[in-house]
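> Before I ask anything, here is the structure I am working with.
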Amino acid sequence: MADITKDQVKHVANLARLAITDEEADYYADKLGAIIEFAEQLNEVDTEGVAPTTHPVPLINVLREDKPVPGLDRDLMMKNVPEHEDGMVKVPSILD
Amino acid sequence: MTLFNKSAKELQSLIHKKELSAAELTAESFRRIGAVDGDVKAFLALDEERASARAKELDNTPMEDRGPLHGLPIGVKDNIVTEGLETTCASRMLGGFDPIYNATAATKLDQAGLVTVGKLNMDEFAMGGSTENSFYKKTANPWNLDYVPGGSSGGSAAAVAAGEVPFSLGSDTGGSIRQPAAYCGVVGMKPTYGRVSRYGLVAFASSLDQIGPVTRTVEDNAFLLSAVSGHDPYDSTSFGVDVPDFASALTGDVKGLKIGIASEYLGEGVGDASKNAVREAARVLESLGAEVSEVSLPNTKYALPAYYLLSSSEASSNLARFDGIRYGFRADDVRTLEDLYKKTRSEGFGDEVKTRIMLGTFALSSGFYDAYYKKAQKVRTLVQGDFMNAFEDYDVIIGPTTPTPAFKLGTQVDDPLTMYANDILTIPVNLAGVPAISVPCGFTEGLPLGLQIIGRHFDESTVYRVAHAFEQATDHHKVMPEIREVQA
């Protein structure tokens, strides 16, 4: 099994803004370890001098005319916002 | 019984003879859903009131102004946003989400005169191959209710197979249209990357995702793809190429076409039933005058690991937007913004989604980026190269869509690597961005099998031509599953 330690799992979870318990860290270390080990078979492939693909079909510099168009209505955009006040999105305290 | 064992053309002809109306067809769709969806569980949300009103309105369109799909009902996968109709991606994270705009594909359905009856179940955020990762319900395979319909577009395939709607839209990132289409015995097309706008398709892996049609017949599929294709100023990755009338490619003539059977698709990990069905399909195509020979796609086995690293990396970035602030689920009892993010995401996402977010975050994180993410991008180039080489000598490539038929509900959901292996034959296509269709090509133990036909970039026409010729020469598409109707 590929090594992904419990501490690495906790680190990655924090980067992804996921809260995980100690028990879950064990579970995901096993699960992710198996997937990463599987992925490591890519090391068998000689990729010397191969360019990475970022996009499956060739598309370069997609531009359009810089023309203003009406956006969505602000009140409408608040429709799915869990908490808002005076047309502004409300969040909890940013600093502890 | 259902009216939806008929093709779009047959339904249109009944409408033109005034034996049927759009309003009656929409009513029939809701009746059938009421009678069988308690067992099939394909739909997450229904839009009966608006759909019925719209169908009545469409009955007023003069006959000469109607296209081939006018007035017919359709279901839409729940990761395609539909204005005013709840769109959840089968996740707790988007429970109650009420979109304020339409995906471009949804707008195009309206323009073609289709009537959206409801939203279809899927694996949460399209991550999975059995639809068992839905937060809301587990869809059953209409051929045997103890089996999975496949995924992630399991609802889209099951609803068509069960005759609840004549067509649906799905999305395909690693096989999510073709694999359930194969498992449910229907026709599913993943178009060329860039053929259909992704605007309003909730993003999973943006360099792989494509919307595509699921139908009973190849001709219906061609009609529906023509209706939803085209460049969209709201999606800069949608390609500025003309949209052909794909149905005009269905000549029935495949004489002299060069068809490659991918040797690796008949190799390790592929079951005998799938291999035999595809060899038989090759004989059918040969009897129609096509030239069939074996072709090698040597990097096939590396597509699956490369895909999991790339798609999860893209997902980890795309799903960062679900933070409990602007839409969707929001956790209670939090003190700070950081707490809100973490609690919301931990409670809102299911296990498989969290797994992939963490896998992707890991593959992109400092110290691992070159070894995992970049390596996978290079392997992607090699996988794409396999196809480009093969297409120098062949017009299309065929193989099984899946290594086996559908499996039983609950048997693979705790074993991710076994589950992922169901997609070994569909994933290479997404990495290369080429189009591919799955058409029914036989049965084993009462469950359908699919023939996959893969084409060059933007050459869906040839793919459809071969699929149609095969379909017309065989009877697989004429069989429908028997499903007990209950009085609603």
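In case you wondered, yes, glycine gets a Cβ from its N, Cα and C as well.
Sharing the features that TrEMBL gives for it:
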DOMAIN    B:24-463  domain 'Amidase'
ACT_SITE  B:K77  active site, charge relay system
ACT_SITE  B:S152  active site, charge relay system
ACT_SITE  B:S176  active site, acyl-ester intermediate
> Counting all other Cβ atoms within 10 Å across every protein chain shown, which of the active-site residues B:S152, B:S176 scores highest?
B:S176
> How many Å separate the Cα atoms of B:S152 (active site, charge relay system) and the residue listed as 'active site, acyl-ester intermediate'?
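Answer for this pair: 5 Å between alpha carbons.
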> For the domain 'Amidase' (B:24-463), what's the mean pLDDT in this predicted model?
97
> List the residues of the same chain that sit at least 6 positions away from B:K77 (active site, charge relay system) in sequence and have their Cβ under 8 Å from its Cβ, in sequence order, or write 'none'.
B:K119, B:L120, B:M122, B:S153, B:G155, B:S156, B:S168, B:L169, B:G170, B:S171
